[in-house]
Amino acid sequence: MIRDLCDGQLEGAEIGSTEITFTPEKIKGGIHTADTKTAGSVCLLMQVSMPCVLFAASSSELHLKGGTNAEMAPQIDYTVMVFKPIAEKFGFKFNCDIKTRGYYPKGGGEVIVRVSPVKQLNPINLTDRGYVTKIYGRAFVAGVLPFKVAKDMAAAAVRCIRKEIRDLYVNIQSVQEPKDQAFGNGNGIIIIAETSTGCLFAGSSLGKRGVNADKVGIEAAEMLLANLRHGGTVDEYLQDQLIVFMALANGVSRIKTGPVTLHTQTAIHFAEQIAKAKFIVKKSEDEEDASKDTYIIECQGIGMTNPNL
């Protein structure tokens, strides 16, 4: 996909290859289609293309096909409800139109992402978590799965959260995906906590054959609660998705996180090697974080400038 976005040369990109050679050229805007032909995640296609199209010569429209709610990747609801509002703090906007949802193993989902280029990215400072003000979410079923499954996932999640957070209304909607907007069968849930300073945290889970609905709901709820305990301003899945933008931004960015994930360490490694950005990861010195596993990731961005604008 990235080769096509920039008319580049790509060698060795086939299954079984242990080495690729990629020579990028000028990033161009316009309409691009990328189809995994499986339940491969459209969100991962978006993750890799977004930093590129921000520095294109003109606006881009990305038609991404595959899984929208798939394992081992952000669900599209996470991308839209958590990643988008936080990533846009870097000073860009994008629009994500979910045409069809697709699930494992068939895929068949499609989203259209529209992005306008920017001259530069602004640094961000996400170090004040505030307190949780609302918790909301979405439990869905698609295809042949009965609506009761969505309601059971939502109810189990609410019960689980209630044990720890009693003073907030937990608003999880149960949804039957319309037949014309979902391909194949699937079920899952995402629950989001929002704080007084605009931080967003999520817990999510997907149904699998033979796993009862309650268990799916509880897994998502427990993931959310774990992400609220560490005192960071981003959850464990947003950390690594922000690294590339921090590296490209013009100035110093800071985010407060829980334990630094291997994904984040990897992203930092490559951002330092390829973009020559400088990162410092240190334990948070704030008093309220003393007893917690909380870190500050600081980056001196390279101030990448769009040569086309």
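Cβ coordinates come from backbone N, Cα and C, glycine included.
Copied over from TrEMBL:
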DOMAIN    2-280  domain 'RNA 3'-terminal phosphate cyclase'
BINDING   Q47, Y237, L238, Q239, D240, Q241  ATP binding site
DOMAIN    127-228  domain 'RNA 3'-terminal phosphate cyclase insert'
ACT_SITE  H263  active site, tele-AMP-histidine intermediate
Taking just the CA atoms, what is the gap between Q241 (ATP binding site) and the residue listed as 'active site, tele-AMP-histidine intermediate' in Å?
9
Counting across all protein chains present, how many other Cβ atoms fall within 10 Å of the Cβ of H263 (active site, tele-AMP-histidine intermediate)?
14
Give me the long-range Cβ neighbours of L238 (ATP binding site): same chain, 6+ apart, Cβ under 8 Å, in sequence order.
V82, F83, I86, L200
Structural state census, the domain 'RNA 3'-terminal phosphate cyclase insert' (127-228) (DSSP three-state):
37 helix, 37 strand, 28 coil
Between the Cα atoms of H263 (active site, tele-AMP-histidine intermediate) and Q239 (ATP binding site), what distance do you get, rounded to the nearest Å?
8
What same-chain residues, at least 6 away in sequence, bring their CB to under 8 Å of the CB of Q47 (ATP binding site)?
P74, Q241
Neighbourhood of Y237 (ATP binding site) by C-beta distance under 8 A, where only residues 6 or more apart in the same chain count
P74, Y78, A202
Other than Q47, Y237, L238, Q239, D240, Q241, the chain contributes near ATP (Cβ within 8 Å of their centroid) the residues P74, F83, V234, L242, I243, H263, T264
